[in-house]
Each structure stands twice: as structure tokens, then as C-alpha cells.
């Protein structure tokens, strides 16, 4: 007769994990329904590109404390459900308040640039050094049919996206002018609108980071307790993101169709967010979340983990990955809007990446064992580079579909690899803390720096050149991580060294030997790794781990 644990892991349906699947689906579906649209929502209420960058810079220093603090509370007290329920409620309330921030009053100015048909008769050439933001041809005729032309700056050849030209104006286009309408703040920048938005967004970003941080250690613990596969459970978060991002885009387009030509209504995104998080509250209340053994020395044990070279390198390059992810997530919709993309297409960019990640989640355990965590994280750098550079090369937004296939590797696949790597690097009673630190480094510090630097880079060199520079930087960082591993970190793959106190650092040797399965393998005594040295046997392999209790 097979063991009970083996039966748990092999059966195709596990009723204990149903609520986990529902929770991941709703929480990540809610996140993808609103957060991708927050950058263009900021612009819609009148914030400039530099103000948007300043918001992300501030969030870098404020919301970054939430993930490690959340992980610390879980590891210290061993309770998941109260922390998660509280963060979901505050998450929904604070994000909904963003919807009620009044838009900044604006004035309109016009300037004129000459535009002509290029020699190939298939594109337009625009005079100037920067692509116009809002544009209309200075024509008096109207036509039911139009033609779409890619446009480029006459000096430098930078692509400015696609312009729709009425056919009645084609004959006069060579001598026409392009009337550019730019919305400028009526008052000064960094006024009351900016500070109000920043205060509300600070709370919202902190609660969102806390909510997302808790889901990973909960999933890891429930998978270990009830059996299952971590990658396949995380699959339901990808499904939620694939469904609700384009659905929200369609609803935004439908609600905006009766408004002015330049007005976009983002109400559906906020209410969809609220409803999904309300459903997740019910799901979490019914979920059999286990209680874990509290750790009495979280801070000192965490300090020992962070001094290990593989952990340090992992966090540094995870920070760099967060830079590139923050840049593309913050300004992807901006560059697609500049190409003339409809809102439903913005949402479909998320669907492509999440759907592509589904088969990869099923193969993740085999791939990780065969390739290794470091090589997969290096691959994520190159996937980010292809994604970012791709948008700097295209002029038709519908080419986003092949480009977004890279998101499956650079985002979804990468974070599951990073999460399971945390379960390999840390003992069981510190996994939540290390995941929290990794979440802070990637989603807060990394994303904040990437969004801030990207905004100022775009303001200086323009959208397309900024995307190109960031893409080439991602290639260099991927090559650097591989070189660091080949030249330095590979020595920890074979044997341990001595730490500063002279005790054998068996943790380094042991953590590499533990194969990176989707379900972190532990023995009956709990963690297979001790990071606390010889004087603290309680985190080693001699004390039995207390079983998880339903609570």
C-alpha cells in the first residue's frame, strides 16, 4: 500500500488546494485588472512624465518595507490568515481611493511642424527632434476612409508610430502641416494633485506588495502539507491575469466610447479590482491555511543567510531584473499608446505572456533540475532584453504578440524559479522571510529604480531610444551574471567553506545539492539546512518540525 504522502502528491484532484487555486486566481486577476493601467491613468489626471517617475521613485523607498516586514511577521508568529485578510482589505480601499483623485486642470497649446510623404510613398517624415504626443493634420476635409502610415522623424529616423490619414488629405499632404496639440499643466508641477496622488498611492502600493508577498509562502506551505505542485498552483494566477487584463481593457474602451475623443474612463478597472478582492476575502476565509512553527531568532538567522555569496548574488541580480521589469511594466502602455494602440490590445499583451507560461509551468520542475536556477535567471535577462528592444523596433502595435511571448520567461517563469530558489537557499522557518526580502528587492527596489530612471530617460531621449538603451543594458547584465557564476560562484557548487567564525559552512554545500524541485523537499525533521552554526542546533536537522495545523 503506497504511503499517504505519496498518494497526496500523485492524485489528480486535491480538495485541500481548491481554495488556494481560487485565491491565486482572484488576487492576481485583480492585480492585472488595474495596476497595468495606473501609469496611463496618472497621465490622464494630468501628471507629467517626470512626475510619474517621481511617484515611482518615492514608492521605491516607501513600499519596499512591506514585503520583508510581512515575511518577518509570518515567520515570527507563524500566522498567515490574519495578515493576509488585513492586507487585502487595506489593498482594496486604498486603490479605490485613487479613482476619486480629481484631475488636474490643463491648458492646450499648439505648435506646427511640417510633414511630408517619404520617397518610398509608404511612410511619413515629421520635422523635429522629438515625436509629437497628440497630433492632428491641419486639414479641412473629412473622409469615411483613411490610410495608416508609419511616421519617422526627418532627422535621425526615429519611429513615431502610425498615423491615420484621411484619403481626402493625401493629395495635399506634401505641402500640409501637422498640428500638434500638447496638454500642459495650468499651474506648476508637484502641486496638490501630485501630493494627494502620492500619499494614496503609497498606502496602496504597500498593501499590494504585502498581499502578493504572502501568497507565495502560503502556497509553498500548503503544497508541502497537502501535496501538489507549486508551479501548477501558480498557474492559476497566470490564468487570472490572462483573463482580466484584456477584459478590463475592453470595458474601458466601451465606457470611453461616448466620452470626448481624448478622454478615457478608467472606472471599470477600479470596480473590477474591488469585486475580485472581495471574492478573494471569502476564499481566504475558507482556505485551510496551516500554522507554521514560529522562529525566535529571525533577525540573526536572516543575517547569516544574507552573508552567503550565492544569496547575495541572487538578490543583486534579482534587483537588476526588477529594474527591467519595472521599466517595461510602467511604460509599455505608454509606447503602445504612442503607436495608436486601442485599450483592448493593451490588455491582450498580458494574455499572450500568461497563456504562453502555462505549458512552461508544467515543465518547470524538469527544466529547473536540468538547467539550474542561475542559468534560468540569466535567461530571464535576455528575455527582458528581447521584449524591450522589440518595442523599440516596431511601429505597428499589433506586432506586440510575438514580442510578449518573452514575458512568459522574463516574468512568470522567472518569479516561480526565484521563489523555489528561496526555498532552497533558506531553512523552512525562514523561507517566508527570504521570499519577502526577494519580493522587496525585485518588486519594490528594482521596479522603483527602473520606473524612476526610465521616466527621466524617456524625458531626455524619447520613448524609442530609451527602450533601446534599456534593452541593451539588460543583455549586458545577463552576460555579467553568467560570468560572475562561472568565475566566482561556481566554487560553491562543489564544497563548503568556512564562515567568519571558523565553523564549517555546510549550508552552502547542502543548498546546492538540494535539487530545485517545484515542491521544496524536506525530511521529517524539517529543514535540511542549518544556517545558525554549531551553537544553535534548533534550526538544524535534529529538532523535529512541528506539523502544520489548520487555522
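Just so it is clear, glycine is given a Cβ too, placed from its N, Cα and C backbone atoms.
Curation plays no part in TrEMBL annotations; they are all automatic predictions.
According to TrEMBL, the feature domain 'Major facilitator superfamily associated' maps to 18-468.
Per TrEMBL, transmembrane segment is recorded for 20-40 (among others).
What TrEMBL lists as transmembrane segment is 52-74 (among others).
Long-range Cβ contacts of the transmembrane segment (235-252) within its own chain (Cβ-Cβ under 8 Å, at least 6 residues beyond either end) map to 21-22, 24-34, 36-37, 215, 264-266, 268-269, 272, 276, 342-351, 354-355, 357-358, 361-362, 412. Look at TrEMBL and you will find 235-252 (among others) tagged as transmembrane segment.
As annotated by TrEMBL, transmembrane segment applies to 272-290 (among others). For the transmembrane segment (272-290), the residues of the chain that approach it from at least six positions outside its boundaries are 16, 19-20, 22-23, 26-27, 29-30, 33-34, 80-81, 84-85, 88-89, 91-92, 95-96, 218, 221-222, 225-226, 240, 244, 247-248, 251, 548-551, judged by C-beta separation under 8 angstroms.
The annotation transmembrane segment is assigned in TrEMBL to 311-332 (among others).
What TrEMBL records for 344-364 (among others) is transmembrane segment.
The transmembrane segment annotation in TrEMBL covers 376-394 (among others). Taking Cβ pairs closer than 8 Å, the transmembrane segment (376-394) reaches residues 159, 314, 317-318, 320-321, 324-325, 327-328, 332, 335-336, 339, 367-368, 400, 402-404, 406-407, 409-410, 413-414, 417-418, 421, 464-465, 467-468, 470-472, 474-475, 477-478, 481-482, 485 in its own chain, all 6 or more past its ends.
TrEMBL lists 414-437 (among others) with the feature transmembrane segment.
The transmembrane segment annotation in TrEMBL covers 469-489 (among others).
With pairs at least 6 apart in sequence, the transmembrane segment (469-489) and the transmembrane segment (20-40) have fewer than 3 Cβ pairs within the 8 Å limit; the two do not touch. The average pLDDT computed over the domain 'Major facilitator superfamily associated' (18-468) stands at 80.
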